[in-house]
Amino acid sequence: MDNEGCSGKHTLKKESWRTVFALAYQSLGVVYGDLSTSPLYVYKSTFAEDIQHSETNEEIFGVLSFAFWTLTLVPLVKYVFIVLRADDNGEGGTFALYSLLCRHARVSTLPNGQLADEDLYEYRKENNESCNSGVGLKLRSALEKHRVLQMILLTLALLGACMVIGDGVLTPAISVFSAVSGLELLVSKHHHQYIEVPVVCMILVFLFSLQHFGTHRIGFLFGPVVITWLLCISSIGIYNIFHWNPHVYQALSPYYMYKFLKKTRGQGWMSLGGILLCITGSEAMYADLGHFSQLSIKMAFSFVVYPSLVLAYMGQAAYLSMHHIIENDYPIGFYVSVPEKLRWPVLAIAILAAVVGSQGMITGTFSIIKQCSAFGCFPRVKIIHTSSKICGRIYIPEINWTLMLLCLAVTIGFRNTKHISNASGLAVITVMLVTTCLMSLVIIICWNRSALLAIAFMLFFGSIEALYFSAALIKFLEGAWVPVALSFVFLIVMSVWHYGTRKKYEFDVQNKVSLNWLLRAGPELGVVRVRGIGLIHTELVSGIPAILSHFVANLPAFHQVLVFLCIKYVPVPHVRPEERFLVGRVGPREYRVYRCIARYGYHDALLDEAAFEEDLVCTIAYFIRSQWSHHNKHSEDGFESNEKMTVVGRPSSFSVWDDSEDAEVPMKRVRFVEPEIDKRGEAEVEELMEAREAGMAFILGHCHVKAKAGSGLMKRIGIDVGYDFLRRNSREPTYMKSFPCASTLEVGMIYHV
């Protein structure tokens, strides 16, 4: 039902080396642009005001030592060797960690979860025997038992998601601004102050206008730019090292960090907010994991990006160690270390690289919004899948243009890199802290590792990030308030939407119609049954939705075949086509009432109308045949009236699940090949096909959610104002657009929650 579907798996179990190298090449343009352009502004931001470059070189060597070890410990050790292993079936990001925890500890906020969901392939291929003893078991039990802990975990994940969105606003601004700042060395100050901001704004508009082409095309377009940029900075770095100070490698010793802090003290600690920017973009490695593969991202960083960045920082330090008085009153920065004859070409490459540098966080923002929406934590938006092969590659128009407007506002508002770098630093380090916290839980609960290992991970990386976080937070009034403000707004939006959605589902559960009402109505449901299939959309996975009784009470006729359709997301990235549908019968067989649950992962593309309708009818027909075959082999009695859901797919097997409220254990898996059924079964299948030929009508609920009488002030504001505003201004569900307008009927209902 999206513009493009996805076929096949998003990753391959056995990737050819050709595929790995191709993905590594593309990842340079999409994932590593931001991290690769960090040499443009790290030294400039660090020496902006807190510390000064002196004749002893202790400051410049200390900054180099900090940059080297931070780059080594965080992106290389933490992300490449540890965090990237915690992928959610090939997907990454803050919500991938949250999804892993939801499955292993059963703390999902999705209200319509079922036991049958745990039999999905991407559930079962995890090591679900984790946490059967010790601290892990106690921690998992505490999370499952206490609702407060579940909400804290969700809030932590949402905070990380909000900061990723904030970083998606700030990264393009600081990358492009830093690249364009090189004009200050090449044109007069009089002209520079008038052209810098307009040039930055034009480049940003161009960047966001490219997004609808998708990461596949952008990756091949931007890859050569980043490769050229990395070759450029590493070559200049090598030249500066051998030409100015071949002994600069000695500054890589951690001893120079100690000397730096000993000399600069408080001012040195405050300047760490600038050094922090050397790892900005590291989170994109994990957030964009679904666009590429784990091996390709690791290879690109370890063998190309990391060595180039180290050489670039060493080269700048080597040049500055021999130049203590910078001419033209230009502050310490990247361009002063570039040979004068190369500055114009390097400036052109830097501007192109800065455009690329923003791509990783923009695509990461799209991914995190998609995941939040699938978990019921973000209003519905239009999601376009830009690749027919890799489902993780998406484009969200509303988010793209919102990011552009916010980015332009930040650029025009601050007009310099100093305040933008302070803001970007706080956003970057907050996301990393959230990842560290969630990763510690994954180590215990999902990987079944020792609690000591998780604590060591938390203390080691958490202490590094806490040091940088404190340095970034001290600049709150100097620009760092921007990501806090943005995150606060997005967190309020996510919380209100999640609260309203959950209350709406609880109202559906409390007001669902009992099966006795259906049985009392009889096979005709008390109305005239006309030819055709009536497809009633509902969020419920069991029971009869109130919309049916509301419809029957106001109209004198209904269709001969009735299907309760629930389209829901499950906490896995992808659901196999053969596991897509759960089908069951509601009431006795002569009622011709079925329930069909279509399950999708948070990175799946919904089927288009024709494919979905075909799959739905064929699935129900297959279910009827399988039930009659099973019935003939075991008994001649009528079917039980309680709901038993069957996983129906293309393979010659199906699973039966008892989804009644007191059922806990699934029935055994049954295998069959083209089941033989008697005339009654054939008649039921034939009736289904005749009903399909007569036409299919889609009955949708058009609800208005209101706070019930006696609700508190905060609840009335949240539901009547906040949720109502978001619901009216969000997109309707994607699948609704594919239903023909002439065959769609909306039934209005008021929900008092």
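Glycine is treated like the rest: Cβ placed from N, Cα and C.
Here is what TrEMBL says about this protein:
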DOMAIN    23-519  domain 'K+ potassium transporter integral membrane'
DOMAIN    532-752  domain 'K+ potassium transporter C-terminal'
TRANSMEM  60-81  transmembrane segment
TRANSMEM  148-174  transmembrane segment
TRANSMEM  194-213  transmembrane segment
TRANSMEM  220-242  transmembrane segment
TRANSMEM  268-287  transmembrane segment
TRANSMEM  299-322  transmembrane segment
TRANSMEM  342-369  transmembrane segment
TRANSMEM  390-414  transmembrane segment
TRANSMEM  426-445  transmembrane segment
TRANSMEM  452-474  transmembrane segment
TRANSMEM  480-500  transmembrane segment
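Through the fold, the transmembrane segment (220-242) approaches residues 25-26, 28-30, 32-33, 36-37, 39, 248-249, 304-305, 307-309, 311-316, 318-319, 337-339, 342, 346, 349-350, 352-353, 355-356, 359 of its own chain, all at least 6 residues removed from its boundaries and within a Cβ separation under 8 Å. As a whole-number mean, the pLDDT of the domain 'K+ potassium transporter C-terminal' (532-752) in this prediction is 75. If you look at the transmembrane segment (342-369) against the transmembrane segment (426-445), you find fewer than three C-beta pairs under 8 angstroms, all six or more positions apart, and that falls short of contact. Each of 60-81, 148-174, 299-322, 390-414, 452-474 was scored by its Cβ pairs under 8 Å to the transmembrane segment (480-500), and the highest score goes to 148-174.
Segment contact is absent for the transmembrane segment (390-414) and the transmembrane segment (60-81), given fewer than three CB pairs below 8 angstroms at sequence separation of 6 or more. Sequence-distant contacts of the transmembrane segment (194-213) (same chain, at least 6 residues past either end, Cβ-Cβ under 8 Å): 172-173, 176-177, 180-181, 183-184, 187, 351, 354-355, 358-359, 362, 384, 386, 395, 397, 400-401, 403-404, 407-408, 411-412, 415. Packing against the transmembrane segment (148-174) from elsewhere in the chain are residues 34, 41, 93-95, 97-98, 101, 107, 109, 142, 200, 204, 207-208, 277, 280-281, 283, 287, 357-358, 360-362, 364-365, 368-369, 371-372, 377, 403, 406-407, 410-411, 414, 417, 420-421, 423-424, 427-428, 430-431, 434-435, 437-438, 441, 482-483, 486-488, 490-491, 494-495, 498: each is 6 or more residues past its ends and has a CB under 8 Å from a CB in it.
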